[in-house]
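Trainee: Sequence annotations record features per position, and here TrEMBL assigns transmembrane segment to 74-94, 156-174, 186-204, 229-250, 271-292, 328-345, 357-381, 387-405.
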């Protein structure tokens, strides 16, 4: 039997006070129903709060609406950086700066020349290649610095795009923000960024090669240029589409025959806009904007005499500047016609307000883009106007993707 030691006995006054308070509490609870109910509710709320706090860390790792919004904003930001790379690449091409850096290093070239000796060494390397020998043989060192910084800025922007995709991907992956399907998409986007960088250098190399039998102005291959631009546009479209679908829920539209026709019409129109933008790479690569600077006719004729001057015939569509410009005109007019038809067809239907706004903006941008293209042609391709025209093609493609996201089906 347990016994208190005399030295451990509690004081008599404390024992009496404890017993008195306990008895009083029991009496109060028994005599006061309100107090008893309050104590029961307090106990239940305490248990609920403890359960909620214990489950909070687990819920944070599960993809939900909040994490989808974060991912959507991140991908929209990445797509904006890709637009910057496309625009900067276009300006680099228009200022003939793309061949000023004659080698490629992932890390070492991040620091441009600093001293006079370093600049002279870089200039000496540039002088060994065809662009200096044929086109820029009288260029000065300050002029070389300008074109060098243009190309260097484009390459550094490309590295920024890569970091903007890869670093957040690692963070969000560790936090558990990605669903299984989203993991595949994000890995595809990151792999595409890496491929885009390699493709850019592969394109530049084509303009650095010696061609003893040719005295043409050194330029990159129009095939590689179109591949470089096309891959950038695909990366942009995929990022923008995924970001929009994460941020904006699909409209619950009745699957009528007219809606399905409108959706197919919008998909075809978007594909035509993409193809028109891609054909612009051939126009830029062959300087085809300088061969016939008149509109709507090409010179004095609707169809020029040298449209199919090359043999075999198929070669004209990719290497004949006249044919390339003619094709770009036809594609641009076809895109404008298709977008106008999409707008008129949508006016006969009941659509959500956001979808109507997207289609209206797409139509307005299409007419503005055609006006920019005609002005660029008539004014012999001034750099500011040509860069604006190229940016307009990306803006038009963006609006086409927005229209498609507004008309998409609700996932089952």
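The first residue you see is number 1, and the count goes up from there.
Yeah, the Cβs are placed from backbone N, Cα and C, and that goes for glycine too.
Can you tell me where each of these features sits in the structure?
Mentor: Within the chain carrying the transmembrane segment (156-174), a Cβ under 8 angstroms from the stretch's Cβ atoms is held by residues 67, 70-71, 74, 77-78, 81-82, 84-85, 88, 110, 183, 186-187, 189-190, 193-194, 196-197, 200, all 6 or more beyond its ends.
Cβ atoms under 8 Å from those of the transmembrane segment (387-405) belong to residues 83, 86-87, 90-91, 94, 233, 236-237, 240-241, 244-245, 248, 266-267, 269-270, 273-274, 276-277, 280, 335, 342, 355, 358-359, 361-362, 365-366, 368-369, 372-373, 376 of the same chain, restricted to positions at least 6 beyond its ends.
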Trainee: State, in range form, which of 186-204, 229-250, 271-292, 328-345 has the highest count of Cβ pairs under 8 Å to the transmembrane segment (74-94).
Mentor: 229-250
Trainee: Short question: most Cβ pairs under 8 Å with the transmembrane segment (271-292), which of 186-204, 229-250, 328-345?
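Mentor: Selected stretch: 328-345, with the most Cβ pairs under 8 Å.
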